[in-house]
Amino acid sequence: HTIFQRVYVDGVGEGHLSGIRIPESNWPIMDLSSNAIICNGGVNPYHEPVSLAIIQVPAGSTITAEWHPTIDDVNTTESIRPDHKGPVIAYLAKVPDALQTDVAGLSWFKFYEDGLSDDGTWATDRLIANAGKVNFTIPSCIQPGAYLLRHEIIAVHKAETYPGAQFYLRTLLTIFVFEVETAATPQMECAQLNITGPGSVVPSPTATFPGAYGSTDPGITVDIERLINYTVPGMPAEG
């Protein structure tokens, strides 16, 4: 159970809930075919008022995303339960308007992923050790303009069958985990960015949500108690 609720740009905080489309509930998304897998919302209605802030981000800068169980800004050291193991992922999609509400059909490219390390620790373990914060670098070469940042945690501790993986995601402008868990559960939100800089690259490959993940993907349906290697879902990350 966790929610992406604060962004820092090169160490400078943008304010609590600012620039992020935050759901009221930290319940995860379970259905890979649902449009809620894009930026949350829908089954998890957004916290009102939805932020109209657009976060100014120079290309090449370091983004820090901060996750906590509730949006009341009280549990600032807790992030996600230690038994919720899984990868942490970040995507960007170029958009005409960072405040647009229609997110269907966008072309997303993955620029960050962290999964299972050789020492047996997960991205979520590192998130917990860093008090709910994860850092990633915005590619320095990409075209300037309006973007949505899709930030996601996929809990795969009970993902032996589908639906089981728990998807926690947010778009910059989380989801609660059901206690009877039998599949991967993603949590995601989307943040609203304006990226500046002289870049001209249109990254590829891209993917659309729903569709980027399949129920039989090895990173979605997986028994982590019998793992040798773990494949992070989706396309390779392009920095």
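Cβ coordinates are placed from backbone N, Cα and C, and glycine is handled just like the others.
In the three-state DSSP scheme, H84 (Cu(2+) binding site) is classed as coil. Marked as Cu(2+) binding site by Swiss-Prot on the basis of similarity to another entry: H1, H84, Y168.
Residues or ranges marked as disulfide bond by Swiss-Prot: C39-C190.
Sequence annotations record features per position, and here Swiss-Prot assigns N-linked glycosylation site to N75 (among others). DSSP gives N75 (N-linked glycosylation site) a coil state; it is part of no helix or strand.
Annotated N-linked glycosylation site per Swiss-Prot: N135 (among others), in sequence order, evidence recorded as sequence analysis. The Cβ of N135 (N-linked glycosylation site) has 12 neighbouring Cβ atoms from other residues within 10 Å, across all protein chains displayed.
Marked as O2 binding site by Swiss-Prot: H157, Q166.
DSSP gives N194 (N-linked glycosylation site) a strand state. In sequence order, I54, I55, Q56, V57, A98, P144, G145, A146, Y147 are the residues near N194 (N-linked glycosylation site), counting only same-chain partners six or more apart with C-beta under 8 A. Annotation comment: Swiss-Prot describes N194 (among others) as N-linked glycosylation site.
Annotated N-linked glycosylation site per Swiss-Prot: N229 (among others), in sequence order, evidence recorded as sequence analysis. DSSP classifies N229 (N-linked glycosylation site) as coil under the three-state reduction. Long-range Cβ contacts of N229 (N-linked glycosylation site) within its own chain (separation 6+, distance under 8 Å): L116.
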Distance check against H157 (O2 binding site) for the recorded positions H1, C39, N75, H84, N135, C190, keeping those with Cα within 10 Å: H84
Packing count at N75 (N-linked glycosylation site) (other Cβ atoms within 10 Å of its Cβ): 13
Euclidean distance between Cα atoms of N75 (N-linked glycosylation site) and H84 (Cu(2+) binding site), Å: 17
Densest Cβ neighbourhood among H1, H84, H157 (binding-site residues), 10 Å radius: H84
